[in-house]
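Visitor: Pulled these features from TrEMBL for this protein:
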{"type": "BINDING", "residues": "Leu52, Gln53, Gly54, Arg67, Thr112, Pro238", "note": "substrate binding site"}
{"type": "BINDING", "residues": "Cys71, Cys75, Cys78", "note": "[4Fe-4S] cluster binding site"}
{"type": "BINDING", "residues": "Trp77, Cys78, Asp79, Gly114, Ser155, Pro156, Lys157", "note": "S-adenosyl-L-methionine binding site"}
{"type": "DOMAIN", "residues": "58-238", "note": "domain 'Radical SAM core'"}
Amino acid sequence: MPNEPDRGFHPNFAEMHADTAHIKPLKVADTACPLNAADPDRLPVMETFYSLQGEGFHQGKAAFFIRLAGCDVGCVWCDVKESWMAEGYPVLSATEIAHQAALHPARMAIITGGEPTLYDLRALCQALHQQGFRVHLETSGAHELVGDFDWICLSPKKFKSPLKSVCQQAHELKVVIYHRSDFAWAETHARQVTPACKLYLQPEWSRRERMTPLIIDYIQQHPQWELSLQLHKYVQIP
């Protein structure tokens, strides 16, 4: 197994994964967002790490990942439920995060979560752009976007529908396929994005052996879609 790169800001990441059954998603009123309105320069950071993007249009490319803490969507099959909690993680300035990112050679920064659109991300985007980064956002689309993003990956969830405004801004639509019925659900959201938006179907990891052949068959019949695999899990990197 390859050596895992150092993760930033939270030294006990492995211990945190030991028990997640008690973790519940945040309950956040839409009127409460962004959660950092009082101090938009500061954000709760669960972890940062340097790896390869494993999914979607940019899979295989080196990137610096910024995983913000806090999520109000709460997917039952989420593989990072520790990110649902907003408290208990370091609260860092945009400049601190950007300086950490700049220690690595790639100039792609991916803001993920949790649900990063719970926060005002303008200061973080500005700090990353000043360091020469392209700023990518991974979101369920549950909240309005507040930031200057170079690439927006929309991955809608049934637990909280994406906003139409976010659908119209997405560069990439990535739908996780857990059940046969999810194909129709994917098409519903494909009708909400722009014609230029890239379309991806991705098997839910625990059901990949069953769902991947179905996805392949579906794409062969509907070639506007492409296959996204969680490449990072196959090659055992973060």
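Cβ coordinates come from backbone N, Cα and C, glycine included.
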Visitor: Do any residues at least six apart in sequence from Gly54 (substrate binding site), in the same chain, have a Cβ closer than 8 Å to its Cβ, and if so which, in order?
Guide: Leu229, Gln230, Leu231, His232, Lys233, Ile237
Visitor: Note down the number of other Cβ atoms within 10 Å of the Cβ of Thr112 (substrate binding site), including every protein chain shown.
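Guide: Around Thr112 (substrate binding site), other Cβ atoms within 10 Å: 19.
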Visitor: Cα of Arg67 (substrate binding site) to Cα of Cys78 ([4Fe-4S] cluster binding site): how many Å, rounded?
Guide: 14
Visitor: If you draw a 10 Å sphere around the Cβ of Lys157 (S-adenosyl-L-methionine binding site), how many other Cβ atoms fall inside it, taking every protein chain shown into account?
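Guide: For Lys157 (S-adenosyl-L-methionine binding site), the count of other Cβ atoms within 10 Å is 19.
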Visitor: Among Leu52, Gln53, Gly54, Arg67, Thr112, Pro238, which the record lists as binding substrate, how far apart in Å are the two most distant Cα atoms?
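Guide: Comparing all Cα pairs, the maximum is 15 Å.
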Visitor: Using DSSP and three states only, what is Thr112 (substrate binding site)?
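Guide: The residue in question, Thr112 (substrate binding site), is strand (DSSP, three-state).
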Visitor: Just to verify a number: CA distance, Gln53 (substrate binding site) to Cys75 ([4Fe-4S] cluster binding site), in angstrom, no decimals.
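Guide: With the alpha carbons as reference points, the distance is 21 Å.
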Visitor: Do you see any of the binding-site residues Leu52, Thr112, Ser155, Lys157, Pro238 whose C-alpha is within 10 Å of Cys75 ([4Fe-4S] cluster binding site), and which ones?
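Guide: Matched binding-site residues: Lys157, sequence order.
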Visitor: What's the CA to CA span in angstrom from Asp79 (S-adenosyl-L-methionine binding site) over to Cys71 ([4Fe-4S] cluster binding site)?
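Guide: The separation of the Cα atoms works out to 13 Å.
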Visitor: List only the single closest residue to Gly114 (S-adenosyl-L-methionine binding site), chosen from the binding-site residues Leu52, Cys71, Cys78, Pro238 by CA-CA distance.
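Guide: Given the candidates Leu52, Cys71, Cys78, Pro238, the nearest one is Cys71.
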Visitor: Going by Cα-Cα distance, which of the binding-site residues (Leu52, Cys78, Thr112) sits nearest to Lys157 (S-adenosyl-L-methionine binding site)?
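Guide: Nearest listed residue in space: Cys78.
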Visitor: Average the per-residue pLDDT over the domain 'Radical SAM core' (58-238) and send me the rounded value.
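Guide: The average pLDDT of the model in the domain 'Radical SAM core' (58-238) works out to 95.
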Visitor: How many other Cβ atoms are found within 10 Å of the Cβ atom of Gln53 (substrate binding site), counting all protein chains shown?
Guide: 21
